Amino acid sequence: MHRITILGATGSIGESTLDVIRRHPGRYAAHALSAHRQVRKLADQCIEFRPARAVVGTAEAARELETLLRDASVATEVSYGEAALESIAADAQTDAVMAAIVGAAGLRPTLAAARAGKRVLLANKEALVMSGRIFMDAVREHGATLLPIDSEHNAIFQCLPADDPRYGRGVAKVLLTASGGPFRTRDPATLHDISPDQACAHPNWVMGRKISVDSATMMNKGLEVIEAHWLFGAPAERIEVLIHPQSIVHSMVAYTDGSVLAQLGNPDMRTPIAYGLAYPERIDAGVTPLDLTLAGGLHFEKPDLARFPCLGLAFDALRAAGVAPAVLNAANEVGVEAFLAGQVRFTDIAGIVRQVLEEAPSGPADTLEAVLAADALAREAARAGVTARAAAR
């Protein structure tokens, strides 16, 4: 029996992970689950899966969860806070950790899992975007196994040489595909009128609201470019983004002999989740098999950086190196949060990120303290940008 900790169990990745676990009751068990605010959903998950431990964000949420579980006669141990998250990530009874907390909040527990030598199923982008070198060093030094769960990086992992899935050895280029989001063909002059609900209506994938907005701005793909650099050792000039509206080709690897290997499948996150859970084996994920005769044509185009300036900003941050990717991520999180709250326009997100990137001090990302300090300064600057733009509306 493989015991799984899920950081971010009530989000879309967490729920999909539990669905795969549910399909294989003799193979996997949920050992620990975490959520921030969705206490009732977490309680329902604990009642069904009976984890040994559960973690929430606050003492108040912990009291509520304890009451719900006590009434259901469920003996799950409840705790709260950042230290508790790190504890379940490094728990000696856990075989694998699904790192699915969205945003910078997932950084410390994901790093704790790596330092504990766990099999880390990485769905959290920020661990690599903010502190790529620190995180990859921890994976190597502590013997952790790192398996990417983002559909694109999981596809690249499958297309690279199995014994050493990294750039080199005949690899010419890494090709990340992107759907283009809901505004791929919309007149750029009308993008300032986009509502949060429109931005969250992804044409192919079911995702949380923050990631849906990132997909609409293509910042999501920009963060994935930075991830690909750290995961596979590919330099920025060897990472290319292609718009692929059908979301069937999840990514590709081009080789120096002219070969291009691609991973295809229906757009369902249970496929890469099942791959990560069972690696190097394969298990049923509950996903409808791909029928290419029904899929029709597969189309590809280059992204328009005028329409999607966030993608260009991410490449800029990767080339700048140091704390620049952490600054990019922090400013974007603040901008997206403000947009979802109705404080700024959709098109203000890129402007906030650009301004913070231009004004933030540079420096090496050689310690976690340096990364978190840069993150804090960037958030403060981004909030000032939000205030200025909100006042000007």
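Cβ coordinates come from backbone N, Cα and C, glycine included.
The record from Swiss-Prot ties Thr10, Gly11, Ser12, Ile13, Arg37, Gln38, Asn124, Glu126 to NADPH, and of the options Gly208, Gly222, Gly233 it ties Gly208 to that site too. Among Glu82, Glu86, Glu224, only Glu224 appears in Swiss-Prot as part of the Mn(2+) site alongside Asp150, Glu152. Take the Cα of Glu224 (1-deoxy-D-xylulose 5-phosphate binding site) and measure to each of the binding-site residues Thr10, Arg37, Asp150, Gly208: the nearest one is Asp150.
All protein chains included, Ser12 (NADPH binding site) registers 18 other Cβ atoms within 10 Å of its own Cβ. The sparsest Cβ neighbourhood within 10 Å, among the listed binding-site residues (Glu152, Glu224), is found at Glu152. Residue density at Asp150 (Mn(2+) binding site): 25 other Cβ atoms are found within 10 A of its Cβ, drawing on all protein chains shown.
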